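Data first, discussion second: the structure below is written as structure tokens.
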Amino acid sequence: MTATKATSDQPLFGRPWIFIRGVPSMKFLPPEGPLEIAFAGRSNVGKSSLINALVGQKGLARTSNTPGRTQELNYFVPEGYSGEGDDLPPMALVDMPGYGYAKAPKDHVDAWTKLVFDYLRGRATLKRVYLLIDSRHGIKANDEDVLTLLDKAAMSYQIVLTKTDKIKEAGVPRLIEETLEKIRKRPAAYPFVLSTSSEKDKGLKELRAAICETVGHFG
């Protein structure tokens, strides 16, 4: 990634962001307009914390110590656009419901699964899914299920390792290589793994640049 692209994120991420909508089912989705970047991952993988760190607003996406708290598709956009006509934001960030919470009621899990699958299959403006993996645990069985779902939906996705401050720094390159090996033959996987720590602000600049490149926004 070039130095120019790595520093071009400021016009987009250097402004306030706002929450615009929680979507419990497909009929509540906003009209298709700006490109969408979605964040998926297991419960408590750090999705909300990562979104807050990306935009520099601690309270934007609600964080919780209770797994499975996010039960909707939560939409966030940069402030300063009317949302009407051509005055649309360049993109929207979407915080998806976490998966893999064993104590969640089955009907809730079924509803989340349907919402996520329908969204992945039927949203033309969805540009990429960033699948968050806890660096302490690596890719687990239900992560593999989501990878398969994304492959079947032909939805481009990229792996983002979270909480790298919780493991030894020397182990991060090895974990990246192990993760790359696991996704090497998956058709929809973007062949580059990002590593981040929301708490230590590690890897955020690279993730911002990757997102800007994905949506074609370079200032």
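Each residue, glycine too, has its Cβ placed from N, Cα and C.
Model, not experiment: these values are computed from the prediction.
For THR196 (GTP binding site), applying a Cβ distance below 8 Å and a minimum sequence separation of six or more within one chain yields LEU50, VAL160, LEU161, THR162, THR164, LYS202, GLY203, LEU204, LEU207. Residues annotated as GTP binding site in Swiss-Prot: 41-48, 68-72, 95-98, 162-165, 196-198.
Every protein chain shown contributes to the tally, and the Cβ of SER48 (Mg(2+) binding site) ends up with 21 other Cβ atoms within 10 Å. Residues annotated as Mg(2+) binding site in Swiss-Prot: SER48, THR70.
According to Swiss-Prot, the domain 'EngB-type G' annotation covers 33-217.
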Around PRO97 (GTP binding site), how many other C-beta atoms are within 10 angstroms of its C-beta?
26
Sparsest Cβ surroundings (other CB atoms within 10 Å) among the binding-site residues ASN44, GLU72, LYS163:
GLU72
